[in-house]
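Over in TrEMBL, the protein carries these features:
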type	residues	note
COMPBIAS	137-150	compositional bias 'Basic and acidic residues'
DOMAIN	1-106	domain 'BAP29/BAP31 transmembrane'
DOMAIN	153-201	domain 'Bap31/Bap29 cytoplasmic coiled-coil'
REGION	130-150	region 'Disordered'
Amino acid sequence: RWQKIFMIPLWSKMAVFWNKMFLTIIVLLIVLFLDAVREVRKYSSVHVNEKAANINSSAFDHIQMKLFRSQRNLYLSGFSLFLWLVLRRTVTLLTQLAKEMASHAALETQVNDATEAAKKYMAENERLQEALSGQGSDKKKESKEATQEKLKEEVEYLKAELQKTSTAFQKAKNEVAAVKKQSDGVRREYDHLMKEYERLQ
């Protein structure tokens, strides 16, 4: 509630002049208090002297009235000064408390979010561990055997493919050798024909 009150725009405008206002009122109250103390001392000494001198009652009543007023001013200024300091301290503490409560609420929301996220992650972790442990005991062996069988089949298939490619490569090599021999024969025949042609010319 105090935080809402202090968030009113009027307070933010007054906050700039708050320290100056406070110091001004403190100085004024101190001056009034000291003046009241001086008046009380003055009229107390006059009261004692007049009482000792036994003067007429109207003057004595007048001095008592002035003494009463100065004492009243002393009490009023003293209590006002004290209460003004208490008010300043109370406002400062309320402002600090409001800020701390706001930061505490923000920290509580952060902590709650963090704990919820941690609980969620822990639950997921437990679920994954249970799934892995459940599958691991029964299905590990089956998965290993299945992978081994697949690997064996792949090795056999690759061996067969390698045999096929090696035979195809050998056949191609033989064909290349035969074509090479044939091309050598054709070249020799061509050279022979060229010589015959030259001779006929």
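Each residue, glycine too, has its Cβ placed from N, Cα and C.
Automatic prediction, not curation, is the source of TrEMBL annotations.
In terms of DSSP secondary structure, the domain 'Bap31/Bap29 cytoplasmic coiled-coil' (153-201) contains 48 helix, 0 strand, 1 coil. For the domain 'Bap31/Bap29 cytoplasmic coiled-coil' (153-201), the model's average pLDDT works out to 84.
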